[in-house]
Amino acid sequence: MERTTIMTLDFSKPGEAGYQSGFANEFATEALPGALPHARNSPQRAPYGLYAEQLSGTAFTAPRGHNRRSWLYRIRPAAVHRPFELVSGERRIVADFGDSGDVPPTPPNQLRWDPLPMPAQPTDFVDGWVTMAGNGSAAAMSGCAIHLYAANRSMRERFFYSADGELLIVPQEGRLFIMTELGRLDVEPFEIAVIPRGVRFAVALPDGRARGYVCENFGALLRLPDLGPIGSNGLANPRDFLTPNASYEDREGAFELVAKLNGRLWRADIDHSPFDVVAWHGNYAPYKYDLRHFNTIGSISYDHPDPSIFLVLQSQSDTPGVDAIDFVIFPPRWLAAEDTFRPPWFHRNVASEFMGLVHGVYDAKAEGFVPGGASLHNCMSGHGPDADTFEKASAIDTSRPNKVGDTMAFMFETRTLIRPTRFALDTAQLQANYFECWQGLKKHFNPEQR
């Protein structure tokens, strides 16, 4: 059991409560000695006058290996707040990507965007969200939404949670100090954070501004993939995932609680901080992971293997071997395959691919795809390296290995069509000339010369 004594939320400096190591472990942590009840979950009187509250992330009857829940011991139950009211205004968040939803027809074109501009007005993490694309429906608990965020103000008297799905946050610029009910995550670019569905949190920006990506998973919880013949180690190792120790604040005042439900934002007055969980135990909790710890697998003979070797996390579907969402990264790595076209090959995919770039250059695109930008190649849309990359990769000496060092790209790959929103198709950040990167590919065919 981990114990801490952090009792106030101070966003002006890094957190001090520390972390517990492992993925979806049965964690136990308390900020006051003896705050966790002994040998039971819901005693008649919890220690320190706390309330016992269960937070369920799966059905009660889910198989034990998939069942996710945590018991929280808090100063006030989560039910203590005023009624919610609908937040009116611009619909920048989308949660229904079916034909009845507010999305335009999905083009088969390859799409690419420049980074989302930093806001001109003070904007926090929640107000800085905009939905770019997605599939399925939050109401049906199936599919996902892909958002971008750009913010320049910390959340001080405001708290947020999404009832629609768990949030996979990929920072591209600026650190995020994320305080949650279950403890604090300090996250920087090259790291990711996952906030479970329903967990309340606030984000501070120690660098003054931040930008990045969010994949909101409506469906089955993210998990580590099976490794198959890779063996018992490799890819994202469980020990490198960090879940926060308990820390709490007992603070009263005039605050705002914002809820996201079915793609709409709702607000309620709340007279205390929801970060009042003094102790908790269970396996449903926020976590972070450093992408630089990924154990990259690749070919040491010939050919470029399928990108599934770069899989970090997956959300499984009801079809064995077919994931609803794959989170894949393209990290720094050595390329050693001989007589092989080493960049990612030309491809048409039954799945749909939304890509982002955290740092550097993606090895399949010489220019145009920049950090903070994004691209979308939907089902059966042809894509691959641009003309300049193809010419260079076709001429290099493959008897010598080379290192792709200055990069960190990622992909949200889904089994169903990723439908861009009206914002994504109308924004000035959409690169109208993206298709031109392939128009320079020359005809090399000569039937007289093999």
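Each Cβ is built from the backbone N, Cα and C atoms, and glycine gets one as well.
Annotated active site, proton acceptor per Swiss-Prot: His304, in sequence order, evidence recorded as sequence analysis. Sequence annotations record features per position, and here Swiss-Prot assigns Fe cation binding site to His347, Glu353, His383. Under the heading homogentisate binding site, Swiss-Prot lists Tyr362, His383.
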For His383 (Fe cation binding site), the three-state DSSP class is strand
Among the binding-site residues listed as His347, Glu353, His383, the Cα nearest the Cα of the residue listed as 'active site, proton acceptor' belongs to His347
Looking at the recorded positions His304, Glu353, Tyr362, His383, which sits with the largest number of other Cβ atoms within 10 Å of its Cβ?
Tyr362
Expressed in Å to no decimal places, the gap between the Cα atoms of Glu353 (Fe cation binding site) and Tyr362 (homogentisate binding site) is 15
Compute the centroid of the Cβ atoms of His347, Glu353, His383, then list the same-chain residues not in that set whose Cβ lies within 8 Å of it, in sequence order, for the Fe cation site.
Pro344, Arg348, Asn349, His377, Ser381, Gly382, Gly384
Quick one: Cα separation, His383 (Fe cation binding site) versus Tyr362 (homogentisate binding site), in Å?
14
Near His347 (Fe cation binding site), which residues of its own chain have a C-beta under 8 A away, given they sit six or more steps off in sequence?
Gly382, His383, Gly384
With H, G and I counted as helix, E and B as strand and the rest as coil, say where DSSP puts His304 (active site, proton acceptor).
coil
